[in-house]
Structure formats: C-alpha cells, structure tokens
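**Q** This is the structure I have questions about; it appears just below.
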6 protein chains.
Amino acid sequence: MMKVVIVVILALATTLVFSFSLHDMTCLFVNGKFCKDLVTVTANDFFFSRLNIPGNTAANKLGSSVSLVNVNKFPGLNTLGISLARIDFAPYGLNPPHTHPHSSELLVVIEGTLLVGFVTSNPNKLFTKVLNKGDVFVFPIGLIHFQFNIGETNALAFSGLSSQNPGLITLANVVFGSNPPINPDVLIKAFQLDKSVVDYLQKQI
Amino acid sequence: MMKVVIVVILALATTLVFSFSLHDMTCLFVNGKFCKDLVTVTANDFFFSRLNIPGNTAANKLGSSVSLVNVNKFPGLNTLGISLARIDFAPYGLNPPHTHPHSSELLVVIEGTLLVGFVTSNPNKLFTKVLNKGDVFVFPIGLIHFQFNIGETNALAFSGLSSQNPGLITLANVVFGSNPPINPDVLIKAFQLDKSVVDYLQKQI
Amino acid sequence: MMKVVIVVILALATTLVFSFSLHDMTCLFVNGKFCKDLVTVTANDFFFSRLNIPGNTAANKLGSSVSLVNVNKFPGLNTLGISLARIDFAPYGLNPPHTHPHSSELLVVIEGTLLVGFVTSNPNKLFTKVLNKGDVFVFPIGLIHFQFNIGETNALAFSGLSSQNPGLITLANVVFGSNPPINPDVLIKAFQLDKSVVDYLQKQI
Amino acid sequence: MMKVVIVVILALATTLVFSFSLHDMTCLFVNGKFCKDLVTVTANDFFFSRLNIPGNTAANKLGSSVSLVNVNKFPGLNTLGISLARIDFAPYGLNPPHTHPHSSELLVVIEGTLLVGFVTSNPNKLFTKVLNKGDVFVFPIGLIHFQFNIGETNALAFSGLSSQNPGLITLANVVFGSNPPINPDVLIKAFQLDKSVVDYLQKQI
Amino acid sequence: MMKVVIVVILALATTLVFSFSLHDMTCLFVNGKFCKDLVTVTANDFFFSRLNIPGNTAANKLGSSVSLVNVNKFPGLNTLGISLARIDFAPYGLNPPHTHPHSSELLVVIEGTLLVGFVTSNPNKLFTKVLNKGDVFVFPIGLIHFQFNIGETNALAFSGLSSQNPGLITLANVVFGSNPPINPDVLIKAFQLDKSVVDYLQKQI
Amino acid sequence: MMKVVIVVILALATTLVFSFSLHDMTCLFVNGKFCKDLVTVTANDFFFSRLNIPGNTAANKLGSSVSLVNVNKFPGLNTLGISLARIDFAPYGLNPPHTHPHSSELLVVIEGTLLVGFVTSNPNKLFTKVLNKGDVFVFPIGLIHFQFNIGETNALAFSGLSSQNPGLITLANVVFGSNPPINPDVLIKAFQLDKSVVDYLQKQI
C-alpha cells in the first residue's frame, strides 16, 4: 500500500521532498516500500556500486546494453530527481528510437563514436550529430531519440537523467509489441503498411 | 521575442498564471505576441466560435479530422491549462497512434462507434475499448493512443485536454517522416524491417 | 486512510503521477481508496458512460443540471488533471455564480443560447457574452462565473475542466447557507443588508 | 511589457526563482518593470518600512484597514512566495468575507478580540473561533473567510500570506459591485432575492 | 507511517492540497499522523495559541529564542505553505548564520534594533541593514542569513515563512557539530584552519 | 533583459518548457540572451565537447577542479533540468563543503578513491563513505556535502545534477569571504571563535 503512496510521491516535485524528509522528518524512504527511521539509515542507503562493469551487448539483436541506475535499483534516489545510466555498445550497436516521458538525458561519450539524434514534432525535424570521446549531447524530455555506434570498436557512454525514474517508451515495442496486439487495421492504416508486414512485425517484436 | 517568453510561460504551472494576471496585473496575454491592457480586454478575448462545423475528413488518407482549439488558435487560453478538440471521423476513419507530451485527453462520443486504445510501457500493455454515443474514455498523459471509427457511419467526439497546448507526436510521421530522414540503418535495426520496407515507408510518410 | 493520501496526491502536479504510475509502478489508483495491481486493471478503469442522458433540470429552483464527470465519479481520472461536465439548462435555467478553485473551464455550446460571464477582481470587471451553438468560452481558474439560458428552449453545453477535481464554491450557498450560519452581523455589515433580509436569506438557502 | 512577463513569473513556482536569480544571474527584479544589475542592488531592495503605523479604520463603512505588504508595494518580494499584512480594526470593525485565490493566510492577534471564520464547500461548513492576544489562526488557500472585531477596543493582527501576491476577491464587491453590473435576473435567481433588493445592493456596493 | 507520507506531501505544491482536501475530501490531515473525518474536524484544528509569550533567550549562549509555529507544532498548517515565527533577542542576542532550504522569510520588527543580513553566492555578496520598529526585511529562500540585536534592550520580531516546514541548517552546527564529526582534514583544508582550531571547534559546537 | 526572463524561466518547472518550446514554438532559447528561430537551430545547439580533458587541479589550494557543464556554458540545457560535472582530484585534493540549492548530485567514480559525505540537519547527522572505481553516491538537494581524494593517485568522477543550473554555496567563502565581510561579532558569537581567528579567516578566504 505504502508502495503506491511513496512511489507516487516520487513522481511529484521530487527534489524538494527528499531534502525535506531528511531535514524535517525522522524517516527516510528506502525502497519505495516502507519507511526507515533516520536513526537506522546508513551511508549505504545512498550508495550503489559496480557501474564499472560493462553491460552484455550480446544479449539482444540490437548490440547495446543500458545499465540504468534508477530508483528501482537504487532506492536512495527516491524523490531526488536524478538517475544515471551506463550505456555499452558493440560495434554497430543501437539504442533504438525511444522516449523518456519523465526526463531529459545528458550523455557524455567515454569511448567510441556514436551517431545520435532526436526528432521534434510540428515540424518533425531531426537533430543528429556524430559524437566522439568527451563529447556531450542533450536529448530534451519527451522527444524520440536514439544512439547508434558507427565505429568498428565498442563504445561507452554515461547519461545523467533528470528524474529518479525517467520512464521508457521504446517505439517498436509499443506499436508492434503490445499485449494484446493493437488491431492490425489500425497499424496498416497508420503506417501505410501491407497486412503481411504488420503481421510480420507483430510476430517479430 | 515576447512570443517565446509568453508561450514558454504557458508551459509552466499554467492555470495559476492567468487568473493571477487577471487579478493582479493591468495586462492580459492576448496572443502570446503582445500584452493588452486590461482596460482594452473584452469578452471576445475569451471567446471562440464555429466548433459546430464538421472537419473535412476527406483531406487525408486516414479519414479523420481534428479541430483542436489550443492556445495557438485561441490566445485567451494562455496559461489556463485547458484546450478542446472536435474530432470527426469518416467511416473507418482513424486518428493514428500518437501522444500528447503535455496533456491527458478525456474524450466523449457524440455520435458513432469508436475503437479506442492506449499502450503502457514496462510492460507494453494495450487498454482498448469500443465506445458508443455518450461514452467517455481517458488517455493518460504521454501514452501512445489512437481512435478508430469501426462503424459504417460518420463519428463525432469532443475531447478536453489538460493543457492549452497539448503537443502532438504522431509516431509514423516522427519515425518515418522526419526531415532529414533518420538513418535507415537505425530503423532497419530498430524495427527489424528490410531496407526496402524502410525506404518505402520513408517515401510514403 | 489511503483515501486521504491518494486523493491528496491528486491535487499535486497531477498528470505526471498517473503516467508515472502506469509506466513505473505495478499499481494503479482506481478510486482513491485503494490500489489495484496493473495486472488486474482493465480498460473499464478508464471508461465512463451515459453522458448522452440529459440531467434533470426540474430538480432545483434554478432550472439547470450539471453532470460533472470528476475523479469522484470516474476514479480513472486520478492524477490526470482533466474532467468533463455536461450542463443542461431548462428555458431561463441558471448555473449560478460560482468558482472552481482548482480549474479553468472551457465550455462549448451544443444547443441553445447562453448568457455567460465572469468577474475579475481589482478591478471587479465583468466579462459577459451571448453564446450560440458551436461557440466556445473560457472561464479562468478561480474567477466567479455563471451561465444563464436566455433562450425559450432547452440548452446543452459541455465543459472541459483543467483538474480531475475542479472544486466548487457556490457563492449564495457559502455565504448564506453555511452550517452553522455565519454570524448575521458579519453579513449585515459586509453586504449592507437589513437583518431581516439576511435572516430571510439564511433561511432560504 | 516586461511587467507582464515578470509579474507572470511571480505566479509560478515562485520561491525558487528569486534565489535562483540571486545565485545565478547578475540581475534582480526590482519592481516588476525592469531588471537591475546585481552590482547595483542594495539591501534597500529587500527592505520595507513603517509597518508600525496603524491603518485608518475610519476610511470605510467596515471599520477595518488592511496594510498589505505585497509585491506591488515591496518589489523585492518578487518570486519569494511570501507577503505580510497589518490589519487594524476599530471596535466592531469587519474584514468582510473574501478569498485569496493565491495564498493561505496565517494570522496572529497582537491586540484585541476577533471573531474569525472560514467556510468550506461540499459541504458548506463554517469553522469559526474567537481569538485573543497571542492566538494564531490559519485560513486555507481559496476559502472564503472573515475577521470581525467583537471587542469594544481597537484590535490589531499581523498575517503572513503564502504568496508575494495573494490576490483578493471580496464577495460583496464581485457579486453586487462589478462593472458593468451582473444581469439582475442572474442575481435574483441565484440569491432568491427580490429585484428591489438586488437593485438596492447594486447601487450600494 | 502515515507521518512520512503526509509530511512528505507537505513538501510538494502544498497550498493546493489542503484547500483541495477541504473542498473535495471528507477528510483532513490533523497532525500528520492520521486522518480525521471532516465531520469531526473543529475550528481548533486551525488554531494555535500563546504566541504572546516571550521565548527564553537565556537558554543558550547566543541570547536569542525562536518560537517557530510550523507544521510539527501546528498540524493544521499541513500543506498550507505558510508558517510563522516569534523571535526574541536579549541585548546583543544573535540568531546565527543559517538557511531555510524550503522557504523565504519575511521579518517585521516589533521592538528593538536589529542588524540583519544575507549572503548571495557567485559572487558572495553581503546585503545587510539595520532595522527598527515597523521595519520589514526579506531573506530569499536558500540564502544564508542572520539577525543580531545591536541594541541594549530586548528586541522582538515576527517572521512569516513561505512553507509550513521551512527547514533549518545552522552552519556552525552542520560543519563543526555533526555526528559523527566530519574528517578534520576536510575542515582544515576547506577553512584553512589549524588542526587545533578545528579540534577546538568540533569540541565547542 | 531577456536574460532575466529566460534565466528565470529556467528556475521553474523546467523540463517541460524546453520540450514545449521545441514542440510548440518556432523558437529556441540558445543562450538565455536571445531567441533563435527553430529554422536556424542546429544539432550543435544541443552539443558540448572536450569533457575528456582533465581540469587543472593545481590552480587552487584545494587540489580539485570542477568542470561543470551547466546552462551558462551549454545554453542548450535551458529548461531541461539536467547538468553534468567532471571532477578531477590531485592526491588529497578536496572538493570542500558546499551545497547546491537547486539540485541533487549523483556521482560515479571513474578512477581513484574518494571519501565523500553529507550532513543532514535536525539532527546534524553525517553520512560518509569511501568510494572506489564504479561506485555511485547521491547527495540530496540542499544538503552540505564534500568529496576528498584519500588516495595517492589522481581521482576522476562524473556527476549528474538535477538542474541545468544547480547553484553553488561554498560555506567557507560565504561565511568568511563575503563582500563586504559579515560583522565579525556575528561570526565570533556564531562560531565561538576568538576575534583573531575570525580576522585571520576573513583575510584568508
């Protein structure tokens, strides 16, 4: 029950809450599930480790791996309005078109060469750039964006995200991979695709 | 210049602002471009008309027409956090999968029969329903949704939206219709499509 | 208990919460009373019906009937920042001076002829307009407003409101109809009325 | 022009802005009309005086005087989300039923005896209390409230308000004193008053 | 448990909540610990007393006493975004450098003569002023400020604060008085102090 | 002039604004000074570089260097609610006790060993931890914190911050280094220091 309440609270004007709770309560949100008395809180509640370990880019067809440190993995982020991601790319690995409904993303390239981009609406303008080591790119909240390793070596990037729970909508999965599937007639008409292609995609994804 | 400022202000905690400006300023935003002295403001600044006229559903392949009364068309909505849409559907007309990054949508059916739905993420669950005259359905902010006329007659709906400028991201247009186009390799990999299909879609849309 | 918490949460930066809860929780607010696991949520949680049925305008002296679809009637609106009203008017029916402390109201006339208006403060300026079929008028948040059917036929309007729980303060009821009654000396002095009139009004309302 | 923008900004999440502008800008809002370089800002921009002087309670029929230190009188409050009022009462002086759309009010009695109250809606419940020296009472945002000196001596109170511009809607003035006047038929029906009384009130107020 | 939830809620867009709860719930936060049915709420829930009694300025080395009426002492302030403080000063009494992370402070001098000031950052500019009876000074949210009685008589001030729970960080206590103590090497390097002075301060405070 | 307005806007509910401006305006904030038409915006407006270059830790007594990519250096961050810092430490280098009034900080160690900590208030509890490569630590908004290289080699960390303009209050500088200096009697009393020490510190810092 509290889970609801606390997790919901995270969605609100978040950063204030936590400092508030630290300043003014004898209580701390530890994992969105219950409340821990400040007396029993330790520095470990604000600590997360092993972000030095590369993600497994061979686990999917896309050749990328996102290690997102959000409130679900790191409860101490509750209400702090920030999260972090380590993104590993195999050669030609892709972090496919997606949007974070709750956060902007600020990415810095540690190794490799990435083609990145996002699309605005009204009009649907693409902003795209090739990034190298030390380059930084920002993806505004709510906009559809991608990162693509165009180098022949692995690539590594870190991203800061402006919410402890950025949310994720991966377009291909939402449109062609929902459960239950969207009525094919809707997709055929929307994407001007043959029924066979839509059937294929709904099986694929 | 002011346009920026004022329109940007609309994106903020909007409803307070306007009543504030009415209560506490001798000034009113009239079209996001300039400021009108309260002395010269008239009831017409809060008035919009002709929403009784059906939209032209023959103007596009989709067979639908959205007459959105947002702040761009009705400047008096500035900062009021509300807009309204009249949506007309030809038989089998479709309002294709899209999202409003800034608002939820509450739709009421005036005439006809609509299949509507939205998809959540994590997991990608589809919520879908057939609506008839007098039925109401709500599409939560930021989620991808659609409306499809499954009747053999025209359909009509009105929607209230929780922002004076809801924003619109139509998936097919963003992914396959951006300018410049997204690198085809990104779409091929993301959607697991043949290059030919991606090329076709990027031409189509 | 949760009722408090959850309903209160609705009053906050609402739209984020819900999409957040859908994206990031395995839980949904269903009626402000308890939490429903996303697994058990169905499209019906986002569905409301029978807004095609006229309200009974003969049930009160004013000759109007407001069918407000807010979070109390439609729990799925929780945190979505939007509600809808169907307003029926008998000939000369009145929706009396009132204010919505939590929302602006965007009204569209479906049938009939309405005299509408709102009053600002500092100065107390009245903005008033006669509306016909297809006309739209916006009432800024927090301002006192009314709608009056000046036609000899019934009138019908729909309103979108910028909160799932707009709130309602009907002036006559608050001032002369409170329980217990406001000290008559306060009203006599504030409205410059005879004690007899105040006594009469406090009985009436 | 800037006046609009700046004053509007005040209506937003205010307190952050100002500290922000002090921390991160070389600029300060001084009177809502223009911007002053931090180099030229002095302590006087944060200073206001003479709140030790009683207000003139003989200037109106109500026998009260409110000296509100809001952003219009004290520009340095811009965006700080706080204002202050000194309220003087002659014997039987009344601060009549009104509401602050933008703020709660926390009142402390310095001298005298006040009958205070506010009314909720749904239901219209009156909360009322007699206050003496050193007593504190809070009036929640948006609710209609009043203060009445029931002692035979002058009374004095200070109020803190949770906005630099609380706004003010005095019911009697809005309903019966608007310019132009509200259509009498609306008031006759809403308040169940004879036309003669409504005419009288519209003349009075 | 509820304490957490409710107190946390206070940190959010607070003022809306309470009026919301009064308007739209049959429930009220009474002490941050539980919820009281509106039926059982009384005017006493909005009432606090005895702010006419001077604080004891002899209880500490600083010669000042702050009687803060915040939500912890006055539960009815929950979510109302306002609190109040009575500040008493012995001759040469000091309210030492501190910051309120959640609120601005608007101070009015009732008796005596105070030297007040706050410091901005980037650059670290001090704004300071001598205040006498009836003078008002505002301390912007988050900035370090102090009040010092430079008169030979007692001084008295009242402050309105823009949060029901302003929070308090007293610099000397945080830096030299934390538990456990901060690593002395950190303080030696940060403040360019001898180890002996740091040891002394960590013992003192 | 616009600088004020735009920078102020950044302080508000920021992330919405920018996506809003991209979606719904033909304009973009480019450097807080003026507005650039969306037609002329390029990917470079969202791009920053050279964060691969170590900062100069020999430029100050503290042996640390913070390369903060905030909105002042990277205008494209305007309103996106996120910034990034590269922090370099010489052996025993210190990032001294400070607070970010507008943001939480999420730090990941790339190289080296850091002792980090923050202090809460009420009570003044220190949370401290030794971090190694791949470790992550979060500093809640508004709390005083530090990072200290306790290794004999250089250290490197990246931090994501939950505001495009986190703000910075470095305690030693604010208290002992303000211009003009704070009245020594205030500091002597607040920190229980000899006048000679305060004089020394005010000269030092």
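Even glycines carry a Cβ here, placed using N, Cα and C.
Caution: TrEMBL annotation is automatic and unverified by curators.
Sharing the feature lines straight out of TrEMBL:
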SIGNAL    E:1-19  signal peptide
DOMAIN    E:49-199  domain 'Cupin type-1'
BINDING   E:Asn95, E:His100, E:Glu105  oxalate binding site
BINDING   E:His98, E:His100, E:Glu105, E:His145  Mn(2+) binding site
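For each feature listed, report its degree of burial, its nearest neighbours and the pertinent distances within the displayed model.
**A** For E:Glu105 (oxalate binding site), the same-chain residues that are 6 or more apart in sequence and have a Cβ closer than 8 Å to its Cβ are E:Ala85, E:Val138, E:Phe139, E:His145, E:Ser159, E:Gly160, E:Leu161, E:Ser162, E:Pro166. When secondary structure is read from DSSP and collapsed to three states, E:Glu105 (oxalate binding site) falls in the strand class.
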**Q** Give me the long-range Cβ neighbours of E:Asn95 (oxalate binding site): same chain, 6+ apart, Cβ under 8 Å, in sequence order.
**A** E:Leu62, E:Ser64, E:Val66, E:Ile87, E:Phe89, E:Phe146, E:Gln147, E:Phe148
**Q** Given the oxalate site residues E:Asn95, E:His100, E:Glu105, which other residues of that chain have a Cβ within 8 Å of the mean position of their Cβ atoms, reported in sequence order?
**A** E:Ala85, E:His98, E:Thr99, E:Leu107, E:Phe139, E:His145, E:Gln147, E:Ser159, E:Leu161, E:Pro166, E:Leu168
**Q** Beyond the listed site residues E:His98, E:His100, E:Glu105, E:His145, identify every same-chain residue whose Cβ lies within 8 Å of the center of their Cβ atoms for the Mn(2+) site.
**A** E:Thr99, E:Ser103, E:Phe118, E:Phe139, E:Leu143, E:Ile144, E:Pro166, E:Leu168
**Q** Suppose we draw a 10 Å sphere around the Cβ of E:His100 (oxalate binding site). How many other Cβ atoms does it contain, all chains included?
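**A** Here the count is 27.
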**Q** Check the DSSP secondary structure of E:His100 (oxalate binding site), expressed as helix, strand or coil.
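**A** Where E:His100 (oxalate binding site) sits, the three-state DSSP reduction gives coil.
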**Q** Around the C-beta of E:His98 (Mn(2+) binding site), how many further C-beta atoms are within 10 angstroms, looking at every protein chain?
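**A** A count of 21.
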**Q** Indicate whether E:Asn95 (oxalate binding site) is helix, strand or coil by DSSP.
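**A** Reduced to three states, the DSSP call for E:Asn95 (oxalate binding site) is strand.
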**Q** Could you pull the average pLDDT for the domain 'Cupin type-1' (E:49-199)?
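**A** Average per-residue pLDDT within the domain 'Cupin type-1' (E:49-199): 93.
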